[in-house]
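Novice: One structure, as structure tokens, below. Some questions next.
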Amino acid sequence: MAEGCMMALRYGMVFFNLLFWLGGCGILGVGVWLSVTQGNFATLSSSLPSLSAANLLIAVGTITMVIGCLGCIGAVKESRPLLLTFFILLLLIFFLEILFIMLFFIYQDEIDHYAQRDLKNGLQLFGTEGNVGLTNAWMIVQTDFRCCGVTNHTDWFEVYNASRVPDSCCLEYSDNCGLDNPGTWWTAPCYERVKDWLNENLVALWIFALCTALTQILGLVFSMTMFCQSVKVETFYA
């Protein structure tokens, strides 16, 4: 009976971690693809230049693959050290996610203020040498979200020291259209536009977060159950 339970747990654990590992491979693949094809698209942040979508996906994909591999090998070999390592790493990530979510809601106003200040500082690097990624990121954001500047199109006036904006702020794009009158520019603030977009997709974000949490909880339950069962089986046969 105990051996049958262990066999069922092993297959369940292997299947779960195989999906986990494949998911990590997919995330890593997308990250590498973005890095290769969209290498110039980096980040809007001046203080965190390496915080790009590609780098985040590569990091998340790599961590997911490593954890999934540990769980899979631990299940196949019924290795208690590997199962315990898998459980501890997954539990640590789960607690860190909860901590980050709590801190985000507690310090939301402070985060808003810091983010806007950091983005405004980043505007000063727009179009400068060595900041192609930041420049492209702002061009894409302003074009896709039909906005201009962080809090107002006048944010660009301090960058150019003149009443002009990047051409990506124009209602109808053309070379040097940012030199025309303000009536030809988008005036909506990009920060608020992005926040509105996130709020519109809040349900989808919460569903994704809940599915992620459920997957992690299942992984914790499977690994700890199998660990405990392996201890009982070893004790029984001893």
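Here the Cβ of each residue, glycine as well, is placed from N, Cα and C on the backbone.
These figures come from a predicted structure and were not determined experimentally.
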Novice: State the disulphide partner of Cys169 as given in TrEMBL, choosing from Cys148, Cys190.
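Specialist: Among Cys148, Cys190, the record in TrEMBL lists Cys148 as the disulfide partner of Cys169.
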Novice: Within the same chain, where does the transmembrane segment (203-222) have neighbours whose Cβ lies under 8 angstroms from its own Cβ atoms, ignoring anything closer than 6 residues to its ends? I mean 6 or more beyond.
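Specialist: 9, 12-13, 16-17, 20, 71, 86-87, 90-91, 93-94, 97.
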